[in-house]
Structure formats: C-alpha cells, structure tokens
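Chemist: Questions regarding the structure given below will be posed in turn.
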Amino acid sequence: MTDFIHKRKTEHIELSLKEEALGKGVTTGFDHYRFVHNALPEINFNHIDLFANFFGYSLKTPFLISSMTGGAELAETINRHLAIAAEERGWIFALGSTRVMTESEKYRSSFQIKRFAPSIPVVANIGAVQLNYGMTGEQCLRILEWTEADAFVLHLNSIQEIIQPEGDKDFSNLLPKIEKLVRQLPVPVGVKEVGFGIDSSVAKKLTDAGIRFIDVAGAGGTSWSQIEKLRSNEKIKKQAAEAFASWGNPTAECLIDVGEALPNQLMLASGGIRTGLDAAKAIALGASHVGFARGVLKDAITSEEAVLEWMEVRELELQMAMFGTGARSIQTLKESSRLKKV
Ligand SMILES: Cc1cc2nc3c(=O)[nH]c(=O)nc-3n(C[C@H](O)[C@H](O)[C@H](O)COP(=O)(O)O)c2cc1C
C-alpha cells in the first residue's frame, strides 16, 4: 500500500507541472477585478507591512505554501527546500497528505520539516474521507506528534477520488466525524478543497462543526480531475473527466460567497493564485492568508534559493499592489474600497 502511495505521490508531482493539469474554460475570477490606482498613496513604500497573524504566530507575510507533498524521495527534497525558504521569509508551511505516515515509517522523515522551520506554523493534512476508511483521532494525534504541526487541515476532494484509480468514494456521514476530530485534537483544525472550491453552505456546516479556518481552494488553477485523467488507464473515467475540466467554483467567487456568509470565520484563499497581485485581490475580497501550490512547485524541485527568489517576487508584487492602492497594512488592504468588478 505504501509503495503504491509513494508511486502516486511522485506521479502527482510530475503531472501537476504539465499544462494539462490546469482546468480548462474556468478562471479564478480575479481577472474580473481591478484595483483603482491611487496616484497619491501618501505612504512610504519602505513602511509597508505584510505582517499577519496565524493562531498566535506573528508572521512576516500573509502567505502560505499550500499542501502538496510528502511520502516520496522527491517529496523529501521538495519539502526541505520549501520549509527552509518558508522559515526565512515567514510563510506558513502546509504539508501534503500525511496519511502515509501512519502506514509506514519509510517516508516519515519527509514530513518532519519542523527542524528546518522552527519559527513558522506547520500544518498537517489528511483527506477528510479517510475518516470513513479507518483513520482514527488517535492516528491524527500521532501525526501531530511526528510532524510537530501547529494546525491540522482536512482536505475535501470528492471529484478527484472518483477519477483516481484507487479512489475512496464514500463521503457519507463525514460531518459528525469531522466534528469529533475537532474536539479531539489539541490544535486548530481547518478544512480545504483541492481546487474545486468551498461554497457558503458547506462553509457554514463546517463552521458549526467547530472548524477554525477554511481555505476555499477554488477553481482556476490546478484541476485534480485533469491530473487524475492523465494518470488513469481507464478509458471510461478518462472520458468522463474531460467533461469536468471546467468544474468548480472560481476562487474569487468562493471568497465573496463564504466571506459574506461567515464574516467571522478565518478564510484562506488558494486555487490558481499566480502572483502577489492575485493575492492582493484575494485579501481585498476577505482572505486573511493566501496560498500557492503548483506555482512554486518547479522551483521547489530545483533548490531553496529558487524558492526564495520566487517568494521575494510574490512579496514585492503584493507590496506594489499595496503601494498602488495606498494600503500600508494587510488590514487596510482588506478594508480597501479600491477593488472594482470590471
Ligand atoms: C503536486 C501537488 C500535490 C498536492 N497534494 C495535496 C495534498 O496532499 N493535500 C491537499 O490538501 N492538497 C493537495 N494539493 C492541492 C493544493 O493544496 C491546492 O489546493 C490546489 O493545487 C490548488 O492550488 P494551485 O492552483 O495553486 O495549485 C496538491 C497540489 C499539488 C500541485
């Protein structure tokens, strides 16, 4: 089973870099928004502050590396590069699914990145559906011990599981199990999608279940029906996946929908975020933190220096958007009235 997961992880990394890994005919929705330029910002660029807070952690930026990987040799290298860079720049680091840790010791070290990133929050991850397939609260506690993670996130990936050859398809009765897990774990528990988005009705149920943060992980970037289509040898599934290339709620729409319904819920944005300008729009639409996955992957394979450079560009883009709108802090950007629908 673990070698099987190991192979799958490696394939996911390789395939997600392909152009076909992106959804087709769907965008994040950020292209429908534009900041009205402020020619007289009345702030000193050098005083722009990207400071953000995440469950008691003071961070230099509102950015996170979204959950990607672990449990394979290549994943170990990727996670090390990402963790070292995230520590230096003050980004949150979210691990890929940590389920494999409970099945074998073999690749456990690929998730044990706290040694490279002692001062930033690390988030552990499993598929919520695993709660229907034998994953217990005790195992999640063990994952927290092994990873020394500061938060735990459950991913919802229903459509992916259908096309995935070995997919787990029973998503029934998960909410009470999520609620139980929230009470069992000593760290904040959040929920994310993997690129098809979370709408306000689901977000409300999760919030009522005690979920402390929601990463909408919307459409417009990586598409997991596309990736599983590329992996699959099953003719029927490959054809059906094609119809879902444009599936999902665009990230910008999710932010508006969830933000309006649940103004007090901590909302994270991810899904197709490419630049710090996209991130600025996400923040102005209500996100408190913004995550990148596929966008950093190529550099994460290369070196920590490549990741650091990539991060600096994203930070500068965000600072420029803040300068261009006259927002000195993330909070001011969040409250900005300069984001217009076009
Ligand atoms: C190679 C790769 C592996 C991923 N693995 C996971 C995972 O294990 N758990 C998870 O919650 N999301 C996973 N994701 C989904 C991302 O966290 C993110 O939600 C999604 O890719 C959308 O962001 P993007 O458009 O910036 O890639 C993965 C993404 C990539 C590219």
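Every residue, even glycine, has its Cβ placed from backbone N, Cα and C.
Note that TrEMBL annotation is computational and uncurated.
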Chemist: Look at the FMN binding annotation in TrEMBL, where Ser66, Ser67, Met68, Thr69, Ser97, Lys192, Thr222, Gly272, Ile273, Arg274, Ala293, Arg294 are given, and name the residue from Asn38, Asn125, Asn249 listed for that site too.
Modeler: Asn125
Chemist: Could you say whether, by DSSP, Ser97 (substrate binding site) belongs to a helix, a strand or a coil region?
Modeler: strand
Chemist: Across the domain 'FMN-dependent dehydrogenase' (176-336), what is the average pLDDT of the model, as a whole number?
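Modeler: In the predicted model, the domain 'FMN-dependent dehydrogenase' (176-336) has a mean pLDDT of 98.
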Chemist: Can you tell me whether DSSP puts Ser66 (FMN binding site) in helix, strand or coil?
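Modeler: The residue in question, Ser66 (FMN binding site), is coil (DSSP, three-state).
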Chemist: Going along the chain, which residues six or more apart from Ser97 (substrate binding site) have their CB under 8 A from its CB?
Modeler: Ser67, Gly70, Gly71, Asn125, Ile126, Gly127, His155
Chemist: Could you state the whole-number distance in Å separating the C-alpha atoms of Lys192 (FMN binding site) and Thr98 (substrate binding site)?
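Modeler: Computed Cα spacing between Lys192 (FMN binding site) and Thr98 (substrate binding site) is 15 Å.
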Chemist: Return the members of Ser66, Met68, Ser97, Arg274, Arg294 (the binding-site residues) with CB less than 6 angstroms from at least one atom of ligand 1, or none.
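Modeler: Only Ser66, Met68, Ser97, Arg294 qualify.
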Chemist: Given the binding-site residues Arg8, Lys9, Arg99, Gln160, Glu161, tell me which ones have a C-alpha lying within 10 Å of the C-alpha of Met68 (FMN binding site).
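Modeler: Neighbours among binding-site residues, in sequence order: Lys9.
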